[in-house]
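S.K.: Below is the structure I would like to discuss, written out as structure tokens.
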Amino acid sequence: MCAQVLVIIADIEYPILARVRTQIEVSPFLKLTRKRWWMLVSINIAFVLVGQTAAVLLGRFYYAEGGTSMFLATIVQTAGFPILCIPLILIPLPPSSSPPPDPRTKKHIVFIYLSLGVLLAGNNLLYAVGLLFLSASTYSLICATQLAFNAVLSYFINNQKFTPLILNSVVILSFSAALLAVNGDSNSPAGVSKLEYSIGFVCTLGASAVYALLLSLMQLSFQKVLKSESFAVVMKMQIYTSLIATIVSIGGLFASGQWRTLHVEMENFNSGPPSYFMTLVWTAISWQICSVGVVGLIFLVSSLFSNVISTVALTAAPIASLIVFRETMNGAKVIAMLLALWGFASYLFQNYLDDSRTMETQKSTETDSSNEIRKESSCVVSLA
Ligand SMILES: Nc1nc2[nH]cnc2c(=O)[nH]1
């Protein structure tokens, strides 16, 4: 899951513009000029866009070339997690101001990592089954519903507000998925039956829902137990949950007996064993590049922005798969894509409104308090 922690989600309470201002002007940790800030944001957007698109296409390529192991396709989504230690080591962290957790809290933290790690493994297995039966374009467009699930779940779990614009975005993204459900897909992988298409659709939709649930639960853990959303804490959450998910997925590979056929699968891979190996390695690397971008955007801008970018990036996969797999965009897919973009726009516009309101309030509070100070100092002057 590229975005697992990642998209720790829709913190509408941290509006984008307000956060941008705060990060640039106030944070001594980031101390960025506006130009450098924009450069870093652009680099991280590129990481998400390239990492996620490459990972989805490579995942489809693995199946298209004769790969059959859903568990192997699950493992590669998290197995590259040691790469995440690089930014954790390279980026200097400010000394922690909070006391170390007591033994009870430590137990809770271990429980959180374990349960979220297991949920993440299940989530990645659902994604792997979805991609087995669907074309890359249909798969990606269904994944875009994660934003709608996110809006609904964060209303119940994270007390996020649900406005008419958010409702509009949920309804439109649901229409987009429904259109793909009833329309079928002329680009479905060879030999996929109607029933298998339905299984692929349901698993991908289920994965998008579980992904949104993971994000909301992670945000809840940061607020209630970890009591921090610092760079190190978020990175550690990403690393430990990926470690657990990788162990669980490897367990699944052995329990299912799929490991016995891996050797044959590699020998029979259409483009040869070296290509088999490189496909898996680069899928794992691509998911981690995407993860670095998602976490980077959370810190540079906000988790909401990060979530929206990774969802918008999903619409790049259908375009890329036109070129790579010669898939075609039929009318239904084009309309589904336009609906998805409309859904994102509606979601973003709500955040823009929240931002503007927060900045207005901030400005008037600042003006009020500077007037207060002026009044007080004139008082002091007159008293003197
Ligand atoms: N981990 C993960 N995240 C995704 N987000 C969209 N598609 C996927 C996927 O296949 N795996």
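Any Cβ shown, glycine's included, is placed from N, Cα and C.
Per TrEMBL, the features are:
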type     : residues : note
COMPBIAS : 363-377  : compositional bias 'Basic and acidic residues'
REGION   : 363-384  : region 'Disordered'
TRANSMEM : 37-63    : transmembrane segment
TRANSMEM : 69-90    : transmembrane segment
TRANSMEM : 110-133  : transmembrane segment
TRANSMEM : 139-158  : transmembrane segment
TRANSMEM : 165-182  : transmembrane segment
TRANSMEM : 197-218  : transmembrane segment
TRANSMEM : 239-259  : transmembrane segment
TRANSMEM : 279-301  : transmembrane segment
TRANSMEM : 308-325  : transmembrane segment
TRANSMEM : 331-349  : transmembrane segment
S.K.: Three or more CB pairs closer than 8 Å, sequence separation of 6 or more: does that hold for the transmembrane segment (279-301) against the transmembrane segment (37-63)?
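M.R.: Result for the transmembrane segment (279-301) with the transmembrane segment (37-63) is yes.
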S.K.: Check the transmembrane segment (308-325) against the transmembrane segment (197-218) for contact, please; criterion is three or more CB pairs under 8 Å, pairs 6 or more apart in sequence.
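M.R.: No, the transmembrane segment (308-325) and the transmembrane segment (197-218) are not in contact.
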S.K.: Does the transmembrane segment (165-182) make contact with the transmembrane segment (331-349) through 3 or more Cβ pairs under 8 Å, each pair 6 or more apart in sequence?
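M.R.: Output yes: the transmembrane segment (165-182) sits against the transmembrane segment (331-349).
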S.K.: Can you see whether the transmembrane segment (331-349) and the transmembrane segment (110-133) are touching - at least 3 CB pairs under 8 angstroms, only pairs 6 or more apart in sequence?
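M.R.: No, these stretches are not in contact.
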S.K.: Sequence gap of 6 or more, Cβ distance under 8 Å, 3 or more pairs: do the transmembrane segment (69-90) and the transmembrane segment (239-259) meet that?
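M.R.: Yes, the stretches contact each other.
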